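Peer 1: This is the structure I have questions about; it appears just below.
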Amino acid sequence: MSQDDRDIEKGDPGKEFEPIEPTTSSETTLATPAEPYEALSKEPDVTAVGAPCSNSEDVIEVFRGRRHPSRESHASRSSGNSQQTDDDDEAHDHQVPTHRTRSRAQSSTRSVKREAVKVPVSERRGLFARLCIFAEVIEPYDYSRGKKWFITFIIACAGAAAPMGSSLILPALQDIERTFKVDATVVNLSVALYMLSMSIFPLWWSSFSETLGRRTIYIVSFALFVVFNALAAVSPNIAMFIVMRCLSGGAAASVQAVGAGTVADVWEVKERGRAMGIFYLGPLCGPLISPIMGGALSQSLGWRSTQWFLAIFGALLCAFILFALPETLRRKKQFAAAAVQEVEAVVETDEEKSGSGRPQLTRTSTRQSVQVQTRKYWVMARRAFVDPLRIILYLQFPAVAVSVYYATVTFASLYVLNISIQQTFSSAPYNYSSTIVGLLYLPNSAGYVFASIFGGRWVDAIMHREAKKAGRYDENGKLKFRPEDRMKENAWFGAILWPAAIITYGWTAEFGESIAAPMVANFFFGIGSMLIFALATTMLTEFMPRKASNGVALNNFVRNIFSCVGTIIASPLINAIGNGWLFTIIGIVALISGIATIWAMKTYADRWRVGMDARMEKAMGE
C-alpha cells in the first residue's frame, strides 16, 4: 500500500485520488461539510442505506469505491473511453466503507454513461461462472438499468427464502405433533432453532463472501438449502426433522449477510435507496404469504409438502443464480496473504524481543518457515470463524446496547405471539383448520406493510422538523440530523401502541371472543412493532455510520437468539398461565422498556454519541 493510500485510509483530507472521469470547468471540488458530531464524521457503511426510514443521504456524505487494478488491462483493450484508477490495497466490499473523491457534478449524476466492459469468459469469477448468461463486467455500476433491476429481483426473491421457511410450518405444527407423537414444546424447537441458525450463520456467510465472492456463496448456500429441506421432508423422527430445519435456516440466511452488499455493488449511492427498498420487499413478503401457503399445503397434501415446497423454491433460486447472476464483488479479500503478513509481523516482534537481531524475514530458517506456516493456518481459521463473533463487543457501548435491547424485546414478543396464534386458534373453542390458521397471520403482516409505507414518511418529517427547530445547518446550508431525533412522538406512539395491542390480544384470545377482536389487536401490534423495528435499526446505522453492517448483524444476532428462547417457552407458559396473563406480563415489560429507552436516548444520546466512533475502533482493536 502506498503512502497516499495510507493517508486516505486514515482520513487525511490533504490526499486525493486521481479522478475517475474527465472533469470540465463546470465541475467544482466537493466541499467538506461541517460534521454534526464525530461519530458521523467519517464515511459510513453503505448497507445503512437499506435501513428503514433512513436519512443517510442527508446525514452523511458517501463516497464511491475505486476500481479493481488487476483487470484494468481488459478495459483498455475493450473500451478506450473507460478511464480507471488503481484500487486500494483493501478489498472492495460494499459491506464496508469505500473511498473515492468526486466532484459535485459527479455526486448528482454521471457526466457520461459508460459502456460496460465485459470480463473474458475464461476470467469470470465464481462457481460455474461460465454458465451465467449475463457477462461479468469490470465495473458493476456500468450494467444497464434493466440488468441491475433483474439482479435486484433475484436477490429479493432469495431474501424471502429464510423468513418464509420460519413461518411456513406455523399452521402445521399440530399436524407435526401428531405425526411424531411429541408435545408442542418439542415441535416448537423446529421453529426456535431455525431462528437461532438464522442469527448465527450470517456472521460466517459474510466472512466467507469476502474471500469466495457473492456468487459462490449464493450457489453453495441454496444448494444446501435444497438438500436440508428435502431431508426434513422425509425425516422419520422429530430429532432429524429439527436438525435439518436448523441447517436449512442457516443455509438460507446467506442472503441476510450478503444480499445488501450485492445490491450496493451494482447501484450507485444516488440510486441505491430505492433499490434497497425493493430488495427488502423480499424478506417482508416472505412472512406475509408463507403462513397462508403453509396452511393450504398442510391441509391438502400434509405437512411434509411444506418442506418439499421449500426445497423446490430453493432449487429454482439456485438455478436462477447459477444461470443469471454474475459475480459483482469488485475484489475478493486475500485471507492467506493477510494472514501471512500478520504472522510475519508477530514473528518479527518476537525476534526483536528475544534480541536475535534479525527483525527481517528475508532469510528465514527452516524452523521459522514452519512457524510462519503453522501460525498462518491458525490465523486464517481465526479470521474466518472466530473474528465474526467479535461484533458482540459492540454491546459495551450504551447507545448500541439500548437500541438492540429494545428491538430484541419487540422481536421476541412477535415470535411468542406467532406460537400463540397457532396453538390458540387450532384448539377449542375455535378449532380452525390449518388453512384458516394461516390466514390469521395476515393482520400482523398488514400492520407491518402499513407502518413501512407511512411510518417512513412520518419519521422523515419529524427529522426535518427537529433539525430546523434546532437550527442545525452545515456550511452548505444542508440540515444536519441526529439519531435521537427519531425518538419523538412516533416512538411514544409505537411504544404505547404495541404493548396495549398485545395485552388486548391476550385477553380476547383467553376468553374466546369473536375472532375479529384479537385480529384487530394484532393489526395494531404490527403497526406499533414495525415502527419500533425501523426506529431501532436505523438508529443503529446512524450511531455506527462506519460499521452499519456490523450494527445490523449484531441486532439480528441478538434478537433472533431471544426469539428462539421466546418460541421455546411460549407453549409451556400459555399452558401454565394462559394467554391473558402471559401477554399482560410481556406488555408491561415492553411498556417499561419503551419508556426507559426513550428517556435514556433523550437524556444521554448526545453524550453517548460524541466520540463513540473513535472509541469503537480502539475497543475492537482496529
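Keep in mind that glycine also has a Cβ here, set from the backbone N, Cα and C atoms.
So TrEMBL lists the following for this protein:
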{"type": "COMPBIAS", "residues": "1-18", "note": "compositional bias 'Basic and acidic residues'"}
{"type": "REGION", "residues": "1-114", "note": "region 'Disordered'"}
{"type": "COMPBIAS", "residues": "20-29", "note": "compositional bias 'Low complexity'"}
{"type": "TRANSMEM", "residues": "149-173", "note": "transmembrane segment"}
{"type": "DOMAIN", "residues": "151-605", "note": "domain 'Major facilitator superfamily (MFS) profile'"}
{"type": "TRANSMEM", "residues": "185-205", "note": "transmembrane segment"}
{"type": "TRANSMEM", "residues": "217-236", "note": "transmembrane segment"}
{"type": "TRANSMEM", "residues": "242-266", "note": "transmembrane segment"}
{"type": "TRANSMEM", "residues": "278-296", "note": "transmembrane segment"}
{"type": "TRANSMEM", "residues": "308-325", "note": "transmembrane segment"}
{"type": "TRANSMEM", "residues": "391-416", "note": "transmembrane segment"}
{"type": "TRANSMEM", "residues": "436-459", "note": "transmembrane segment"}
{"type": "TRANSMEM", "residues": "490-509", "note": "transmembrane segment"}
{"type": "TRANSMEM", "residues": "515-536", "note": "transmembrane segment"}
{"type": "TRANSMEM", "residues": "557-574", "note": "transmembrane segment"}
{"type": "TRANSMEM", "residues": "580-601", "note": "transmembrane segment"}
Peer 1: Going along the chain, which residues at least six beyond the ends of the transmembrane segment (391-416) come within the CB cut-off of under 8 Å?
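Peer 2: Sequence-distant neighbours of the transmembrane segment (391-416): 191, 195, 203, 444, 483, 498, 502, 529, 532-533, 536-537, 539-540, 543-544, 547, 550-551, 553-555, 557-560, 562-563, 565-567, 569-570, 582-583, 586, 589-590, 593-594, 597, 600-601, 604-605, 608-609, 612, 615-616, 619-620.
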Peer 1: Which residues of the chain, 6 or more past the ends of the transmembrane segment (308-325), have a CB below 8 A from one of its CBs?
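Peer 2: For the transmembrane segment (308-325), the sequence-distant neighbours (Cβ-Cβ under 8 Å, at least 6 residues beyond its ends) are 128, 131-134, 150-151, 154-155, 157-158, 161, 164-165, 168, 215, 218-219, 222-223, 225-226, 229-230, 233, 248, 252, 293, 297.
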Peer 1: When you scan the chain for residues with a C-beta under 8 Å from the transmembrane segment (185-205), skipping those not six or more beyond its ends, what do you find?
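Peer 2: Beyond its ends, the transmembrane segment (185-205) has Cβ neighbours at 162, 165-166, 169-170, 173, 176-177, 217, 221, 238, 241-242, 245-254, 256-258, 384-385, 388-389, 391, 415, 418-419, 553, 556-561, 563-565, 567-568, 570-572.
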Peer 1: Same-chain Cβ contacts of the transmembrane segment (490-509) under 8 Å, 6 or more residues past its ends?
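Peer 2: Here the qualifying positions are 410, 413, 417, 420, 424-425, 455, 458-459, 462, 517-518, 521-522, 524-525, 527-532, 535, 579-584, 586-588, 590-591, 594-595, 597-598.
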Peer 1: For the transmembrane segment (278-296) and the transmembrane segment (149-173), decide whether they are in contact, meaning at least 3 CB pairs lie under 8 A, counting pairs 6 or more apart in sequence.
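Peer 2: These two segments touch.
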Peer 1: Do any residues, 6 or more residues outside the transmembrane segment (436-459), come within under 8 Å Cβ-to-Cβ of it, and if so which ones?
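Peer 2: Sequence-distant neighbours of the transmembrane segment (436-459): 52-53, 167, 170-171, 284, 287-288, 291-296, 414, 417-418, 421-422, 425-426, 486, 490, 515, 519-520, 522-531, 534-535, 538.
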Peer 1: Could you give the residue numbers and ranges of same-chain residues that sit at least 6 residues beyond the transmembrane segment (242-266) on either side and whose C-beta is under 8 angstroms from one of its C-beta atoms?
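Peer 2: Here the qualifying positions are 46-47, 49-50, 93-95, 140-141, 143, 147-148, 151-152, 155, 158-159, 161-162, 165-166, 189-191, 193-198, 200-203, 205-206, 209, 214, 217-218, 221-222, 224-225, 228-229, 231-232, 235, 272, 275-276, 279, 283, 310, 314, 328-330, 549, 553, 556.
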Peer 1: Can you name the far-off residues of the same chain, 6+ from the ends of the transmembrane segment (217-236), with a Cβ under 8 Å from a Cβ of it?
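Peer 2: Sequence-remote neighbours of the transmembrane segment (217-236) are 126-128, 158, 161, 165, 205, 208-209, 244-245, 247-248, 251-255, 258, 304-305, 307-308, 310-311, 314-315, 317-318, 321-322, 325.
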